[in-house]
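Enquirer: Mind looking over this structure? Questions follow.
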Amino acid sequence: MEWKTCSFCEGKIEPGCGKKYVKKDGSVMQFCSSKCEKNFKLGRVGRKLKWTNMFKRMNKGQ
């Protein structure tokens with residue numbers, strides 16, 4: 001089994017865990033927690049939230 005990455009925070013998702021969300025255009029989003037899913041549905045961007053791995057990776061040198 002392979003680990004997947006969260007579409008919102010880029011965190012790792014264990015096999016058999018997490019949630020999948022299919023948008024109207026057919027693209028699939030995978031979330032590691034309900035926190036990520038709720039923030040996505042509220043229209044927030046993972047790059048702007050300090051607790052996400054995406055933010056930490058982009059602002060590593062600062």
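Every residue, even glycine, has its Cβ placed from backbone N, Cα and C.
Pulled from Swiss-Prot, these are the listed features:
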BINDING   CYS6, CYS9, CYS32, CYS36  Zn(2+) binding site
ZN_FING   6-36  zinc finger
Enquirer: Cβ within 8 Å of the Zn(2+) site centroid (CYS6, CYS9, CYS32, CYS36 excluded): which residues?
Expert: THR5, SER7, PHE8, GLU10, GLY11, ILE13, GLY18, PHE31, SER33, LYS35, GLY46, THR52
Enquirer: For CYS9 (Zn(2+) binding site), what is the tally of other C-beta atoms lying within 10 angstroms of its C-beta?
Expert: 22
Enquirer: List the same-chain residues at least 6 positions away in sequence whose Cβ sits under 8 Å from the Cβ of CYS36 (Zn(2+) binding site), in sequence order, or say none.
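Expert: Spatial neighbours, sequence-distant, of CYS36 (Zn(2+) binding site): CYS6, SER7, PHE8, CYS9, GLY11, GLY46.
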Enquirer: I want to verify one value. Collapsing DSSP to three states, which class is CYS9 (Zn(2+) binding site)?
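Expert: Coil, per DSSP.
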Enquirer: With an 8 Å cut-off on Cβ-Cβ distance and a minimum sequence separation of at least 6, pull the same-chain contacts of CYS32 (Zn(2+) binding site), or say none.
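Expert: Correct list: CYS6, PHE8, CYS9, GLY11, LYS12, ILE13, CYS17, GLY18.
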